[in-house]
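For 1-27, the entry in Swiss-Prot reads region 'Disordered'. What Swiss-Prot lists as compositional bias 'Polar residues' is 1-15. If you look up Swiss-Prot, you'll see 29-74 marked as domain 'F-box'. Feature annotation from Swiss-Prot assigns repeat 'Kelch 1' to 80-126. Annotation comment: Swiss-Prot describes 135-178 as repeat 'Kelch 2'. Feature annotation from Swiss-Prot assigns repeat 'Kelch 3' to 179-227. Marked as repeat 'Kelch 4' by Swiss-Prot: 229-276. If you look up Swiss-Prot, you'll see 279-325 marked as repeat 'Kelch 5'.
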Amino acid sequence: MAEQETTSNINTINDQAEEETRTKSQPLISGLPNDIAELCLLRLPYPYHALYRSVSSSWNKTITNPRFLFSKQSLSISSPYLFVFAFNKSTARIQWQSLDLASGRWFVLPPMPNSFTKISSPHALSCASMPRQGKLFVLGGGDVNRSAVVYTALTNRWSCISPMMSPRTYFVSGNVNGKIMAVGGSVGGNGEATTEVESYDPDNDTWTVVKKLPMVLAKYDSAVIGKEMCVTEGWAWPFMFPPMGQVYDSDEGTWREMSGGMKEGWTGVSVVIRDRLFVISEHGDFPMKVYCSDDDTWRYVSGEKLQGEKMRRPFAVTGADDRVFVVASGINVAEGRVSEGQNGDFSVEWRMVSSPKSSIQFSPASCHVLYV
């Protein structure tokens, strides 16, 4: 019996060795040197990489290699795509979809694992991203065993990562120095508020404990500015008390109270453009504001206003370079170009982006820009 198992293991090893040898010797594109063929593969458009990988084992190995995305970025071939996490209140359906910002075409992503499709509300989850690595992270939902998944754009696939140490719901998350932080929220079946914070390292697939929040904060909004993560609970009716907020310094590993001007003027969903904090206000004609740390004040951004007849709440906002993307009900998208004048004032110019007709009943819960 032992001899049969040994023989079987040897055969398996030999088969693997033969497959590796065949893959190495197999040209990527017949008649072309592999270095030239790789340049051709680098220009294959997203989201069809899953189909391209099925062409041959050599294509699959090349496209799934982390060096492939690095090469696209170093050659300035990677392009920004807008990813939207949307939900339908009537049917409780949730889905991710992506917009090619160059062509205006929309794609629906593969569904997330089942444990994430049975949640009570999309806001029970929290989403973060690593734009230049082309990865989306979806956390939470309360499932002890499957509380974290990652979407990799190059493979167009979801995969489970190590579960969070404290599975939670209704919390905020963000990418701080290449690590994904999960802050606060509710834990347990009774929804008990928590101040616990943890950080995920994608390099070794591990979670570690981070210094706790000094206080419980209701989920509203958060933003990562440089090496700091700002968390605010926002204003709450009847507006008798100013909102609370905390700022995490990743260099010091400590929390400090958010300045009064920052937390009191944070009256909308935020986006960080070139290390400056902006918000799209959720009242009136949805004016855009920018935070000025020098005097702890907010200033209105001049220029056009969002088209109120097309842009209806709820909003999800993200940014890339000097552009801001606002996703509204019906998955209507407005793209704003932000510019800074010589006097330090900011202005914005808006344009509407095509929205998928099939998503008219959907509303956004989160959005991110990835480079693919």
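Positions of Cβ are set from backbone N, Cα and C atoms, glycine also.
With DSSP states grouped into helix (H, G, I), strand (E, B) and coil, the domain 'F-box' (29-74) comes out at 30 helix, 0 strand, 16 coil. Taking Cβ pairs closer than 8 Å, the repeat 'Kelch 2' (135-178) reaches residues 46-47, 49-50, 53, 63-64, 68-69, 81, 83, 85, 96, 109-113, 115-116, 119, 123-129, 184-187, 189, 191, 194, 196, 198-200, 202, 205-207, 209, 219, 221-224, 227-229, 231, 248, 250, 368, 370, 372 in its own chain, all 6 or more past its ends. The repeat 'Kelch 2' (135-178) scores a mean pLDDT of 90 in the predicted structure. For the repeat 'Kelch 5' (279-325), residue counts in helix, strand and coil come to 0 helix, 22 strand, 25 coil, using DSSP.
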